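*Asks:* My questions all concern the structure below.
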């Protein structure tokens, strides 16, 4: 790339080799070049030549082959020159490619990374270093067990070479075990370098090495070619096999998320694998199927008597079979499937497995309608059953060719116009809503006038942008409801010139002398006793707030994150987690009456409680759980104690930055990631790979943005229509098997996570009465303070009823529960089964209703205060 690499030695003793960020020189500064190397997986790989060499090795080993390169070989920007240090290299090399047939089955990866763990430099470590250099591997050297583990967790090497010749510097087997205890080591090959056995001693057994986690043993030999041969054998043997195993993990992940039912059997028809879609379709759990013969499962009596013999005759010849087959579900129902069975040739050129793909043959009403329209309109291209069954995936749309040909008798014009019209049609029908509109338009053609007019009205509604949001004006003219809707569901009313509200955060740190815990085991006994009850919904967060001096988030976070194995998933230490929780909590404003770290801890507690419910747990994987807990922790970080509407009306810096759209929610997520990644001491994401990080980050952002109230009804209605209604139909024994619930589909997992954090965020009315009353007082005080400031600054008062002199808190709570809470928690309860919460909600509503009937505007009756 034209840059000179630099060598960095960390404080922990790892020699890190990387390209220099400071050099922009296009010149080649190395006096040592590399020859051709062995192929790796048949892919072109460019490396930076083991990152770099230690200074002592820069001149090359004795007898090293030096190859001069032409400008063409080095590239136009990498000519040899005299500038730059003469002992550093920046080389790229290319590997030859395998056949296209093999390449199609491979997964790409960068050059092999090797970690050498030697306490001191000697001829053996030199031999492996130069062998790595010759092979084009990226190489690091670690001198201590601690630095070795740190380096491995950072770079995830494919090969690790550990010096096992002497034990006075470190215990090689202990080092190996510590590496094997980490998740990234699953596909790593670890090589032990052992001393040559003397002639009078019997050669030692390799079993202790294997038990410690080593894969291979290498007899001490400092010859570069011996080390090179060993590494090349490992690359072409174990490393390549490990990459195939990694690819298998990806394949099985794809199978688990595939919408088609997949069944894999052995050559004697013993079931060896079924995916979740198969379980949903057939009603069995895979534990009931694995290891059973297909002949032992119940059969449907709707198939032809000779169908099974026909299928077996076909597939035993190595031919693929596909057709319609009736299967019997666990419930006893017969379902019609389109089945495709493929024999898999394995060892010895014989059939070793059969892979079956199964789809339900269920024609929806819309498909029937389209089929009828095609038939009635005389479109003969779709009249053959076979053609109809195997036509384009866009079968739910009207054929463009038949439409365009109706009004024209000029074939040449039609032929010229058809390709462009088809392209336009293919662009517009991809969106699901467009498919729906096309189906309705087709249905109108043969419908009575009254039905056609009704469908016109349906089309008008479908063409609006807010399909899931209710018409707010249809609600009763209750001022409390109107103010809540205006204050929480709009991003601002109007901008008043000259009234710029500059948002400045004021972080309040507690000055108590309560020492922070290093781990969950170091929590003071008084706090630990409170946290013993944190799994209960009735957990009192205010007691934790008091005993922790308004720092409940760190302590509850340590306990909850430990319970869900967050550190293990993120591959970080509890010290890093504690530092992160401290930073996040420090950026909550303790001066806020409501939006402070106690509210964040309360939302974290509710989220953890929901994650423990059986159906929620069964719908999400561990990444979802970790993302939900992190999102709950950061969802209101740096909240100013003012609503989005206030910030937009005041022209705050944040409102300008985020274009008056989801201002606070966008700020919470952005700041949370900024705080996390700017300091490695609190960066809980530093040890996860890029793909996991991006997936986790996207999930966290999506959940925090879901707490914005402007899309409240959209999220709730999508959840009801996509999750609750299919579940209800399933429980009622619906005959339609076309659309299984699919709670584990990614799009449905997103809806579940959004609904979960939304409910956790506003769960105060579902808490025990004393807690509910305290939260009501706090949120009212925060709204009162906002109204006071709006009046002082001459800003629009977005919630006039929250005037501390006239407000009825019971009325505001009743309106909030009626408008936002009841329907949402009814839907969430139908999914997660939360009878205790719903009872609290009913009791609390009764409390507020009693106060309102008595014309009491306070939190409690005066006699109860």
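Backbone N, Cα and C atoms are what each Cβ position is placed from, and that goes for glycine too.
Not my notes, these are from Swiss-Prot:
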| type | residues | note |
| --- | --- | --- |
| BINDING | 599, 635, 636, 761 | divalent metal cation 1 binding site |
| BINDING | 636 | divalent metal cation 2 binding site |
| COMPBIAS | 23-36 | compositional bias 'Polar residues' |
| COMPBIAS | 75-90 | compositional bias 'Low complexity' |
| COMPBIAS | 402-415 | compositional bias 'Polar residues' |
| REGION | 17-40 | region 'Disordered' |
| REGION | 52-92 | region 'Disordered' |
| REGION | 373-415 | region 'Disordered' |
*Asks:* What are the non-local neighbours of residue 636 (divalent metal cation 1 binding site), defined as same-chain residues 6+ apart in sequence with CB under 8 A from its CB?
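*Replies:* Looking at Cβ-Cβ distances below 8 Å from residue 636 (divalent metal cation 1 binding site), excluding near sequence neighbours, one finds 588, 595, 599, 600, 603, 664, 668, 707.
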*Asks:* Tell me, how many other CB atoms lie within 10 A of the CB of residue 635 (divalent metal cation 1 binding site), whichever protein chain they belong to?
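*Replies:* By my count, 27.
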*Asks:* Which residues in the same chain, at least 6 apart in sequence, have a Cβ under 8 Å from the Cβ of residue 761 (divalent metal cation 1 binding site)?
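*Replies:* Those within reach of residue 761 (divalent metal cation 1 binding site), by Cβ under 8 Å and sequence separation of 6 or more, are 603, 635, 707.
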*Asks:* For residue 635 (divalent metal cation 1 binding site), which DSSP three-state class applies?
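*Replies:* In three-state terms, residue 635 (divalent metal cation 1 binding site) counts as coil.
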*Asks:* Excluding 599, 635, 636, 761, please set out which residues of the same chain place their CB within 8 Å of the center of the CB atoms of the divalent metal cation 1 site, keeping sequence order.
*Replies:* 595, 600, 603, 632, 639, 707
